[in-house]
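As structure tokens, the structure follows; a few thoughts come after it.
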Amino acid sequence: MKIDICTLFPEMCETVLETSIIGRGRKAGKLDIACHHLRKYTIDKHNNVDDTPYGPGKGMLLQADPLYRCYEAVCEIRQRRPHVIYMSPQGKTLTQKRALELSKMEHLYIICGHYEGVDQRLIDEIVDEEISIGDYVLTGGELGALVLVDAIGRLCEGVLAHESCFSEESHFNGLLEYPQYTKPALWHGREVPEILMNGNHAKIERWRREASLKNTYEKRPELLKTAPLTEKDKWYLRTLGWEEEQDIK
Ligand SMILES: C[S@@+](CC[C@H](N)C(=O)[O-])C[C@H]1O[C@@H](n2cnc3c(N)ncnc32)[C@H](O)[C@@H]1O
């Protein structure tokens, strides 16, 4: 998977991207990630990347031309046209489902906005999709891009040890994960559930499924509307007070 990030703060991105699982994925050659400094793609002597917006109002806007030149340079280096994402509070909110779809793509190009954002004509010219990391406004696109790259990168083949490392996690199958415990078995008077220590795999699997359903019902009941539920799951949820009809409304 190739990912190019266009940013005014490459050092901010690099620090995060060389750490932990994403850093290891890069070292192992599974993730080919490059950060491109937008200022290098200016042609005026002051390396300006921004200007005032047309019409009344305050603030500055990233100009289309340096952003476009950076994009063209990346197309040239990689010898391909990437899938172009603009990080934006106006985009569709990132989900695990979209992260998984994006992890199957060969090459992503991520644009980090700043100030008041970017000239709309650049978006119209090259952007395939706008992605938001939530309904709030950040100063720049870097934190969003890092969230996106982390969410996608760990799903790429060979980055985590096994697919089960992510396929059993929250949101992968529409539910939240079950609670987990590690040693010691007794901590501050709190015990690890007995069933997890008795080695009966079938019983542990059922316990985990029910704990996952309970977690989801208690923390994010709206997820149950779209989660793939078996009749056995629904029966269990009803014992908790869940009402299917009510939740569908
Ligand atoms: C201050 S924001 C601009 C907001 C823009 N004026 C608006 O109201 O839609 C500057 C940049 O931060 C990034 N950004 C801000 N909030 C974001 C979010 N929730 N998700 C992803 N990127 C975000 C975008 O790249 C944006 O261009």
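In case you wondered, yes, glycine gets a Cβ from its N, Cα and C as well.
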Same-site residue for S-adenosyl-L-methionine (record: TrEMBL; known: ILE133, GLY134, ASP135, TYR136, VAL137, LEU138; options: GLY113, GLY158): GLY113
Least buried by Cβ count (within 10 Å) of the binding-site residues ILE133, VAL137, LEU138: VAL137
GLY113, GLY134 as binding-site residues, winner by CB count within 10 A: GLY113
Listed binding-site residues with Cβ under 6 Å from ligand 1, out of ILE133, GLY134, ASP135: ILE133, GLY134
Other C-beta atoms that fall within 10 angstroms of the C-beta of TYR136 (S-adenosyl-L-methionine binding site): 7
